[in-house]
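The feature Mn(2+) 1 binding site is assigned by Swiss-Prot to 14, 327, 328, with sequence analysis given as support. What Swiss-Prot records for 286, 291, 339 is Mn(2+) 2 binding site, and it gives sequence analysis as the kind of evidence.
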């Protein structure tokens, strides 16, 4: 049996939601609409996303509705009970997460802090949500003098530990993070990722190094990626995908520096021979602009992505399928700094398909994984549905 598509390239525009989800009120996210609010007042067009049909999913500034879209289009709602990166990505690959990860907007509980101090023999300082650059500017010199651990979090379910590489050697920092990872698997903490955040430099001129390391939880079940790998297909993880799934189901992992490097790496992968999926996360939308409520920066990042699409399209093969989607929202005009509970856009196109239309809207993130699994004829997740029939493609 031949597969409809030999390769599927899945791109997650991290946090690029397309309007409040049906249960947004339960998350205090009524009225959230990342794309609409980001693009309001933006003066530039997004011609390639427009031609694909992004503006057909929902009315958007600077992105018009088109009569002949260049992709299948719809929007998907989230079934899982979280609105974080891991929950969104895990659901995309077929899981339904009913136990939400915990976030710590007021810092970590004293009980956990004491356990970390006891286990490591080092004092914990900071212990609050903060940007990584801000926290080392504030505590970096203190850390160099004392050897304390700078512990901080964000709007995501993460515990980050920053330390100067000359004060706490990398191997020791990694060992500390591994111990904290084990400690926080306890359901009463349930933190998604522990992140080592080493830095170098002198007071007033600290910089974080590329020696960051993430210690994630394994997905709470088998994903489509596991099924693909088990059946001999390639699963090429680009950007933070490998960390999000803790390597589960990944056959090759490629790190990226930023969104544009992510697109560079994807295009290099597209040029290679393989059979299976490439899976790219573009994190800058979320990390650099959404959480920081930087509307202008966010809009420009979407424009920059739009400009790269022709280059990607030029390297596609006849039996490739591209899927562009998101994992949650992060409305830059919403109160606070947290993610927002939103629908995600879904655009799917292939050189071998000429006529596109709207797909049904009655389903959830996991339908992406089901469609991929159906294409490669591997085990289908329990949740979601395949879009292959609606797309008019079948197994031969």
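Using the three backbone atoms N, Cα and C, a Cβ is placed for every residue, glycine included.
Projection of Swiss-Prot feature records onto the structure.
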residue : record                : Cβ within 10 Å
14      : Mn(2+) 1 binding site : 23
286     : Mn(2+) 2 binding site : 28
291     : Mn(2+) 2 binding site : 20
327     : Mn(2+) 1 binding site : 28
328     : Mn(2+) 1 binding site : 31
339     : Mn(2+) 2 binding site : 31
Any idea what the Cα distance is from residue 14 (Mn(2+) 1 binding site) over to residue 291 (Mn(2+) 2 binding site), rounded to a whole Å?
11
Could you measure between residue 327 (Mn(2+) 1 binding site) and residue 339 (Mn(2+) 2 binding site) for me? Cα positions, answer in whole angstrom.
10
Going by Cα-Cα distance, pick out whichever of the binding-site residues 286, 291, 339 is nearest to residue 328 (Mn(2+) 1 binding site).
339
Other same-chain residues whose Cβ falls within 8 Å of the Cβ centroid of 286, 291, 339, the recorded Mn(2+) 2 site, in sequence order:
14, 15, 85, 155, 156, 287, 290, 328, 330, 337, 338
Using DSSP and three states only, what is residue 14 (Mn(2+) 1 binding site)?
coil
What does DSSP assign residue 291 (Mn(2+) 2 binding site), in three states?
coil
For the Mn(2+) 1 site (14, 327, 328), what does the 8 A shell look like? I mean other same-chain residues with CB within 8 A of the CB centroid.
12, 13, 15, 16, 17, 85, 88, 89, 286, 326, 329, 330, 339, 344
